[in-house]
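Written below as C-alpha cells is the structure these notes are about.
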C-alpha cells in the first residue's frame, strides 16, 4: 500500500494542480508564469541548438481554451460590444446629415461620403490589422486602434469644414476596422470548433445591430442637439469602451502568449526557451505577414468560383443594408413627413429580424453538432448551409415587401414589418456563408475572409452614393426593388453549393488542397482513435491478469511456484506504467490532431500553405 501511495504521490508531483493566476495579472502581463510553469519538464536541453520547447502545460491557467465559461462569455460580450460600437459609429452620422448639409452648404451626395468613406475604411482591417495581430497580438492592437477610433471621432466633432470631416471619418473607419477583423479571432482563441457556433452567432449580430441602432440614436440626438453632439457622443462611447477594454481584455492569441512565456522563462532561468509554435511553424516576419495579407485574398477571390460568388452575394446584402440608410429617410421623412428621430425608428423592424436570427442559431447549432458527431468530428462544409437556404428566400421577400407597401394608402407598419425577414435572412446568410468558407478553405481561411471583407466593404461604401439618384429617378417602389432583384439572382448560390459543393470543391484548386488536408487529418484522427481503443483493451487485459484470482489456489501454486504478493504488485505496477506511457503518447498525438482541426482559422493560413502560391 505504501508503494502504491508513493506512486500516486509521485503522479501528483508530476502533474500538480496549477496555481490560479489573478485576472488582473493576465491583463497586464502577457508572459506571466507560476512555479508549475517554471518547473514543467519541457522538451529540449535549454541550449541555442536545442532550446526548451514551451507549450501549454496540463490545465494551463493562462491557456484561453481553459478559461471558465463565465470568463469566456464575458470577454465575448465585451468584444461584441466593441464591434457593435464601431458599426454604430458608421451609421449614426446619418442622424445629423441634415445639419451638415445646412452648415457646410453642400449637396447630399458629398455629405453621404461621410458614411461611404467610413465603411471603405473597413477594407483596411484584414489587409493591415490582421497580419499585425500575428506579430503583436490582439490586445495591443485593440488598445492602439480603439484609441485611434476615439481620437478621430473626437476630431470629427470639431471639424471646421466638410473636407476635414470626411477625411477624419475615413481614418476612424480604418482604425475601427481592427475589432471587426480581430474580435472573431479572440472568440476562436477561446472556443474549440464544436462550441464556437453560438459565440460566433452572438458576435456576428453586433456588426449588424450597430448600423441599425446608429440612425435611431443619431436621429434623436442630432434633431435635438446637432450633428456635432452626435460625433461627440460617438467619441465618448468609443472612449468608454477603449478604457474598459484596456482594463479588462487579456491577450488571447496563443503564439504571442507562448512567445512571451518563453522570453520570461529564459530571463528567469538563464536557459534558452522558445515557443513550440515558433519552432514548429517558424516565426512570422513583418514582410511575410504583409505579403500573405496583401496578395492571397485577391488570388483566391478571382481564381476560386466559390469565394467569388459567395463574396458577391454577401457584398450585395451588405451594400443593401447601407443603401437603406439613405433610402429610409426618403421613404419615411420626405414622403411621410416624419422627423429625423421618428423617421429612424423603422430600423427596429430590421433589428427584430436580426435578433430572431440569433435565436434561430441556437437549435441550428445543435443540429450541426449532431452532424459533426455523425461524421467523426469532421462535418462536411455543406452542413453549414441549411440556414442559408431559408435565408436566401427571406431576404428578397423582405425587400419586395418593403418596396411595394410604401403607398400613402398602406399603413406604415406594413413596410416597417418588411424589415423582419430582411434582417433575419441577412444575419443567417452571413453566418452560414462565413462558416462555409472557413470549413471549405480551412488552411486558407484568413485570406478567404479578407477577400470577402474587402469586397463587402467596397459595396457598402458604394451603395449609399447612388441611392438618392436611384430613388429620385425610379421612384420608391422600383428603386427599392433593384436590390430585391439582385437578391433573387443570388438565390441559386447556396442551393447550388449545398447540392453540388463536394464536386465543385474538387475542381477548385485551393478548395481541393484544403479538402485533401482535412481528409488526411481525419484519417490520422481515426487511426489514432483506433490505437487508443487497442490500448484500452490491452490495459483492461493487463488489469485482469494482474488482479488476484478468486480461487484460493493460484495457477502458480498449482505449478509449484507460488508468486509472492510483492511480485504480483510489481508486475501490476509495471503493467500500469507501461499502459500509462502508451496512453500518454497516444493522447498527446490525438490532442495535436484535434487541436490542429479546432485551432484558430485566422492563424493556420500561412502555416500550412507556404508552397501553395508559388509559381
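Using the three backbone atoms N, Cα and C, a Cβ is placed for every residue, glycine included.
Keep in mind that TrEMBL annotations are predicted by a computer and have not been checked by a curator.
Taken from TrEMBL as is:
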type     : residues : note
TRANSMEM : 73-90    : transmembrane segment
DOMAIN   : 75-507   : domain 'Major facilitator superfamily (MFS) profile'
TRANSMEM : 110-129  : transmembrane segment
TRANSMEM : 141-160  : transmembrane segment
TRANSMEM : 166-188  : transmembrane segment
TRANSMEM : 200-221  : transmembrane segment
TRANSMEM : 233-258  : transmembrane segment
TRANSMEM : 306-331  : transmembrane segment
TRANSMEM : 343-362  : transmembrane segment
TRANSMEM : 383-404  : transmembrane segment
TRANSMEM : 410-431  : transmembrane segment
TRANSMEM : 443-466  : transmembrane segment
TRANSMEM : 478-498  : transmembrane segment
REGION   : 521-615  : region 'Disordered'
COMPBIAS : 526-540  : compositional bias 'Acidic residues'
COMPBIAS : 575-592  : compositional bias 'Polar residues'
COMPBIAS : 603-615  : compositional bias 'Basic and acidic residues'
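No contact links the transmembrane segment (200-221) to the transmembrane segment (443-466), because fewer than 3 Cβ pairs that are 6 or more residues apart lie under 8 A. Through the fold, the transmembrane segment (410-431) approaches residues 200-201, 204-205, 208, 212, 313-314, 317, 321, 331-332, 336, 345-354, 356-358, 360-361, 387-388, 390-395, 397-399, 401-402, 494 of its own chain, all at least 6 residues removed from its boundaries and within a Cβ separation under 8 Å. The stretch from 233-258, 383-404, 443-466, 478-498 with the most CB pairs below 8 A to the transmembrane segment (306-331) is 443-466.
For the transmembrane segment (443-466), the most Cβ-contacting stretch among 110-129, 233-258, 343-362 is 110-129 (pairs under 8 Å). Comparing 110-129, 141-160, 233-258, 478-498 for CB pairs under 8 angstroms to the transmembrane segment (166-188), the maximum falls on 110-129.
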